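K.L.:
The structure's right below; bear with me while I get my questions together.
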Amino acid sequence: MLEHYGLWLALGCAVLAIVYGIVSARWVVAQPSGNARMQEIAAAIQEGARAYLNRQYLTISVAGAVLFVLVGLFLSWYTAIGFALGAVLSGLAGYIGMNVSVRANVRTAEAARHGIGKAMDVAFRGGAITGMLVVGLGLLGVAGYFAVLQGMGLPLEQNLHALVGLAFGSSLISIFARLGGGIFTKGADVGADLVGKVEAGIPEDDPRNPAVIADNVGDNVGDCAGMAADLFETYAVTVIATMLLGSLTLADTGSHAVLYPLVLGGVSIIASIVGAAFVKVKDGGSIMGALYKGVIVSGVLAALAYWPITQSLMRDNIHGATALYACALIGLVLTGLIVWITEYYTGTQYTPVQHVASASTTGHGTNIIAGLGISMKSTALPVIAVCAAIWGAFHFGGLYGIAIAATAMLSMAGMIVALDAYGPITDNAGGIAEMAELPPEVRNITDPLDAVGNTTKAVTKGYAIGSAALAALVLFADYTHNLQAANPDQVYAFDLSDHTVIIGLLIGGLIPYLFGAMAMEAVGRAAGAVVEEVRRQFRELPGIMAGTAKPQYDRAVDMLTRSAIGEMIVPSLLPVVVPIIVGLLLGPRALGGLLIGTIVTGLFLAISMTTGGGAWDNAKKYIEDGHFGGKGSEAHKAAITGDTVGDPYKDTAGPAINPLIKIINIVALLLVPLL
């Protein structure tokens, strides 16, 4: 039955996710938005976030229009249309999610007057909207475009190549959103901390800090819109890569191997919607426990639903239905492992963060040394978990089994993005409560919500990196199989005795480091400009510190918008240009080496940066909670320095490596006909 109705089931589930998002958005917007001061602050955050995203998308649209024409001329117009569709849907998911996030923040602050349960409901529903839109629009784009191409009577191979264009479009938006949003948010954060906390001695989110609105805007454009675009891209890319690999390696199953990942994605949406309903917290209850309960319910329901689907669609494949079901379970288990490992390295209740906090008591240098040590050590367990998952999935289902494990892992993206988007909402809610001078009992509710939000943001970055590594591996398998299919008389082995493969390997290994350096330097320049601007305002408007003059908040927002847009263009085009040059000049074997090199160093660098940055951040928060002398102590000052280094590590360079790895692989896949 599913072979006839599976595509419609996937489309129906995608529409259901979008309907859930719309209904939830209407519910969130209907909640009370507080007093006039709260609404004024929220309006400033909304205006800044909207202005930044509009400028960002305008810039991307120019680059996108050029690439659309080039893809159409050199490959096919079906691929070019897919490229445009992927870019538009990815941008839409981030834009709508961010617009809801900047409305949910003030409503969460107001709901905190009535207890933690109500505030949690508003914050999580606000995040769940972004999560469901990511998977809903992602699946609708892939399944919908595939259905249209099938309806036109095009051959399966041509349909799937057009879908690779969709993956490329979503990847382009993702790297721009991740990098641009990261430069904005961390330029604001570092600038606000250096002058506000260190020089002026005022607390975080103090309304006297001229960069405070820019800091709150940055939370939304980086952690909400940026993560939405990142996981939209990973989700779409993984499903498309699995469909393509199914058509190449399991041709004997007809269209079943192509349809299977779409149906898995569809039923996982239903599981995520049900799981979201279980996220409730009572006074005195565990906030993190409530969020994890939603994730566990979603995972268990998805695992139960996968069995009949696998039996129906894949019983006749060479591996057997039970083996492929085991691959899907491996993907779900890997999700849980990555979440747990990342929380261990970034949670304040565990040894790594406490070690960095303890090192802060002996100075700034020892804090940095301890943080770097944790960042390097934190790569071991996630990489071992990914390796074990690859080994297990290949044992049961070959390369297609690895692809199914990746698809199952990404099928949880709805719930995982909800956890991430919850973070900036609670962060902003605490900031609004502080700036609007709400009673201390409100901060007593927003602070623990925000503390959990910091952990969920770290956890989702770990998930995004782990899933990106699997997705990139599947794309590499697609590249090698496509290359062989296009040139059946050639044998393509990526032999380390071949000098071109070694050259490609080394250039590939270099790219994540070069890209990361560009991102870090961009944040440094942006933060430096913010520091100068905040110092200028304190100097020229002495009434700010006394509370008699209002800071010029819009100056920092405008400055960061211009800086982030200008700084993101060159690094974002690096993964598009380099594989084209290597592929056309050195050939397909060198290009294969390039892909492997990028996957390996990119995976380690991304984990190291995001986890290490999270440990620095939470070490500062651990001290602020009263340990090692608390706020204002020498240990606290050293921890602020560590957090200042960790901020661009975990929120700009590290996360932007995810889309970098996948874009290089997608560009290589598109280049196959030209090699």
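Positions of Cβ are set from backbone N, Cα and C atoms, glycine also.
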K.L.:
Of the candidates Asp121, Asp316, Asp420, Asp427, which one does Swiss-Prot list alongside Asn216, Asp219 as binding Mg(2+) 2?
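P.N.:
When Swiss-Prot describes the Mg(2+) 2 site, the candidate it includes is Asp427.
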K.L.:
Which single residue out of Asp558, Asp617 does Swiss-Prot record at the Ca(2+) site shared with Asp643, Asp647?
P.N.:
Asp617
K.L.:
Is the transmembrane segment (568-588) close to the transmembrane segment (458-478), in the sense of at least 3 CB pairs under 8 angstroms with a sequence gap of 6 or more?
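P.N.:
Between the transmembrane segment (458-478) and the transmembrane segment (568-588), contact is absent.
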K.L.:
Expressed to the nearest Å, what is the distance separating Asp219 (Mg(2+) 2 binding site) and Arg178 (site 'Important for ion transport') at their Cα atoms?
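P.N.:
For Asp219 (Mg(2+) 2 binding site) versus Arg178 (site 'Important for ion transport'), the Cα atoms are 12 Å apart.
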K.L.:
Of the recorded positions Arg178, Asp193, Asp230, Lys662, which sits closest to Asn216 (Mg(2+) 2 binding site) by Cα distance?
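P.N.:
It is Asp193, whose Cα lies nearest.
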K.L.:
Using C-alpha atoms only, work out the spacing between Asp230 (site 'Important for ion transport') and Lys662 (site 'Important for ion transport') and round it to an integer in Å.
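P.N.:
Answer for this pair: 10 Å between alpha carbons.
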K.L.:
With Cβ-Cβ distances below 8 Å as the criterion, list the same-chain residues six or more beyond the ends of the transmembrane segment (231-251) that contact it, or say none.
P.N.:
86, 89-90, 93-94, 134-135, 137-139, 141-142, 146, 156-157, 160, 163-164, 166-167, 170-171, 173-174, 257-258, 260-262, 265, 317-318, 398-400, 403-404, 406-407, 410, 413, 416-417, 420, 460, 464, 467-468, 470-471, 474-475, 477-478, 481-482, 485, 658-659, 662, 666
K.L.:
Quick check for the class: what is the C-alpha distance, in angstrom and rounded, between Arg178 (site 'Important for ion transport') and Asp651 (site 'Important for ion transport')?
P.N.:
8
K.L.:
Who are the chain neighbours of the transmembrane segment (405-425) in space, where the CB to CB distance is under 8 Å and they lie at least 6 residues beyond its ends?
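P.N.:
Long-range Cβ neighbours of the transmembrane segment (405-425): 17, 97, 101, 104-105, 108, 122-124, 126-132, 134-136, 138, 219-220, 222-224, 227-228, 231, 234-235, 238-239, 241-242, 261, 264-265, 268-269, 272-273, 275-276, 291, 294-295, 298-299, 302, 306, 327-332, 334-335, 389-390, 392-393, 453-454, 456-457, 459-460, 463, 466-467, 470-471, 473-474.
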K.L.:
So, taking each listed stretch (5-25, 258-278, 568-588, 590-610) in turn and counting its Cβ pairs to the transmembrane segment (164-184) that are under 8 angstroms, which one gives the highest count?
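P.N.:
Highest pair count goes to 568-588.
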K.L.:
For the recorded Mg(2+) 2 site, enumerate neighbouring residues of the same chain (Cβ within 8 Å of the Cβ centroid of Asn216, Asp219, Asp427, site residues themselves excluded), in sequence order.
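P.N.:
Those within range, site residues removed, are Ile45, Asn105, Asp215, Val217, Gly218, Asn220, Asp223, Pro424, Asn428, Gly431.
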